DNA sequence: TTTGTTGCAAATCATTTGCAAGTTC
DNA sequence: GAACTTGCAAATGATTTGCAACAAA
C-alpha cells in the first residue's frame, strides 16, 4: 500500500473526514518517516494548504493517537507517526533525534501506575547527550 | 542549612554572581520543592523582580544543571531542583506531575549510547495517564 | 573599574482562533 | 442540508532581547 492509500485508510479508521489537506499532510508524515516540525511538513505541501491547517490537523491527529507530538528540547514540537514503539536519543548540541529500539519497560510502567495511583497508558524515555559529530567538535 | 543559605552555596558552587534576585529565585525553588512555572515562581517573589529576570535566570540555572526544565505536556515549561533522581508521572487531563522514585535505568542508558553512537549523560522517563481524581470524573 | 546583571519595553516566534466561504458525508 | 473544514488575518501567550542604568567582584 502506498503512502496515500495508507493515509486515507488511517483517516477512515479514526473516523475523520477525508479532505485533500489531511490526506496530503498525513501522506507526507508517512513518506518522510522522521521527526518533523509543522514548518517542515508545511514546506513539502502544495501552497494552497495553510500552516494553520497543518497545525490544526497535527493537533487532531495527535489527540487521536495517529501521531506523537515530541515537545522536548527545541522550541517547537516535532511530530512522528505513532505506529512503532521506540525511545529517543537527542543531541543537546544540534537537536537531532535518533530512534532507539528497545523492549518496552512495561514492568516499570506498572510500578509507576501503582505508586502514583495513576491509570498510565503510555510512557516515553529520552536520552540526552551529544551525537557523534558534535562529540568530535568539542 | 536553610533555603537561603543553600541557594547562596549553590550559586557559589557554579560560579555565578550572587545577586538578591538570584538568591530569591533559587531559594523559592528550593523552598517550594515542586514543579513550577516561571509565572508561579515570579508570583512568590517581591515585585521588584521582573518576569524577564526570572526567565533569564531559570535558563542559566538549567544550563548549569542546577535545575531541570520540564517541557512536556502543557504549553509552558516547569522547573524543579536537579538534586534528586526520579521519574515523572503526568496527568493528561489536569497536567499535574507526580514524582516516581525508581532505580535509574543505567543499563538502558548504556545500550542507547552504544546503539545510537551518542555520548549520553542523562535520561528522562515520563509516564502519561490519568490521576486518581481525573480517573473518577471520566 | 571591569564585567556581569537588571528592569523596562518592545520584539519574537510557535501556535491558536474567529469567522465567512467552501466541502464532505 | 447539516456538520465539519479551510483559508485568512489577527490574536495569543510564552519566552527572549536590546539597551541604558546599576551592582558585584
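Placement of Cβ uses the backbone N, Cα and C atoms for every residue, glycine included.
Residues or ranges marked as Zn(2+) binding site by TrEMBL: B:91, B:94, B:131, B:134. Under the heading Fe cation binding site, TrEMBL lists B:123.
Here the features listed in TrEMBL are placed on the structure.
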{"residue": "B:91", "record": "Zn(2+) binding site", "DSSP (3 states)": "strand"}
{"residue": "B:123", "record": "Fe cation binding site", "DSSP (3 states)": "strand"}
{"residue": "B:131", "record": "Zn(2+) binding site", "DSSP (3 states)": "coil"}
Same-chain residues at least 6 apart in sequence whose Cβ lies under 8 Å from residue B:91 (Zn(2+) binding site): B:97, B:98, B:129, B:130, B:131, B:134
Cβ-based proximity (under 8 Å) of the binding-site residues B:91, B:94, B:131 to chain A, or none: B:91, B:131
Fewest other C-beta atoms within 10 angstroms, as judged across B:94, B:131, B:134, which are the binding-site residues: B:94
The residue listed as 'Fe cation binding site': tally of other CB atoms within 10 A of its CB: 22
Cα-to-Cα gap, residue B:94 (Zn(2+) binding site) vs the residue listed as 'Fe cation binding site', nearest whole Å: 25
